[in-house]
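Quick look at what TrEMBL annotates:
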DOMAIN    1-109  domain 'NTR'
DISULFID  Cys111-Cys159  disulfide bond
DISULFID  Cys116-Cys121  disulfide bond
DISULFID  Cys129-Cys151  disulfide bond
Amino acid sequence: VIRAKAVSAKEVDSGNDIYGNPIKRMQYEIKQIKMFKGPDQDIEFIYTAPSTAVCGRLLDAIGKKEYLIAGKSEGNGKMHITLCDLVSTWDSLTPTQKKSLNQRYQMGCECKISRCLSIPCFVSSSDECLWTDWAMEKNNVDGRQAKHYACIKRSDGSCAWYRGMAPPKQEFLDIEDP
C-alpha cells in the first residue's frame, strides 16, 4: 500500500502465453511518496494489463495526480494492480482515511471485515467488523464506513468499528468519539 504518482508509462512484453504469443503489460514508472505497508525497498514500477477490458488499471502518467495504491507484489518483487485492487486519487480520500493510513488501520490487522450484502446479517466471531455500506447505501462500496470508520482491535480482544479524528484510547469500547 503506497502513496505515489506515475511519471511515465510504456507497454512492455511480459513473457508469452501458452500458445507462444507475447503478453503485453503497461509498466508505470512511479515516484513513491510513502510506503504504508509492503516491502522494505521503494517501488519503482507498477505493472497492469494494457486495458480495462482485461482488468488493467489506467493511471495518469502525464499529470501530477497522486494515488493511494494497494496492489500485489509477486515473488520477483514486481508490483501489479488490476481493476479489483484499490487505486484512488489521494485528493479523493477523506481526512479520516488519510489519518487512518498512518494511525488506525494497523490496529485492525488481526481483525476480519465481513461483507453484509443484504439485511439482516451478523458477525460469526468477535474478531469481525460487519461492513454494511453495500446493503445500507444501495450497493455503494465507497460509503460511510469506508470513508469515515476503521475496524480496530479493542482492549478486550474483540474488533469493532471506530469513528473519530482522535486516536482511540487504549480501553476503546465504542464506535463514537470519546
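Every residue, even glycine, has its Cβ placed from backbone N, Cα and C.
Note that this is a predicted model, so its numbers are computed, not measured.
Structure with TrEMBL features highlighted.
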{"residue": "Cys111", "record": "disulfide bond", "Cβ within 10 Å": "20"}
{"residue": "Cys116", "record": "disulfide bond", "Cβ within 10 Å": "16"}
{"residue": "Cys121", "record": "disulfide bond", "Cβ within 10 Å": "13"}
{"residue": "Cys129", "record": "disulfide bond", "Cβ within 10 Å": "23"}
{"residue": "Cys151", "record": "disulfide bond", "Cβ within 10 Å": "23"}
{"residue": "Cys159", "record": "disulfide bond", "Cβ within 10 Å": "22"}
Using DSSP three-state counts, the residues of the domain 'NTR' (1-109) come to 19 helix, 45 strand, 45 coil
What disulfide-bonded residues among Cys116, Cys121, Cys159 are found with a C-alpha within 10 angstroms of that of Cys151 (disulfide bond)?
-> Cys159
Distance from Cys159 (disulfide bond) back to Cys116 (disulfide bond), taken between C-alpha atoms, in Å = 16
Looking at the disulfide-bonded residues Cys111, Cys129, Cys159, whose Cα is closest in space to that of Cys121 (disulfide bond)?
-> Cys129
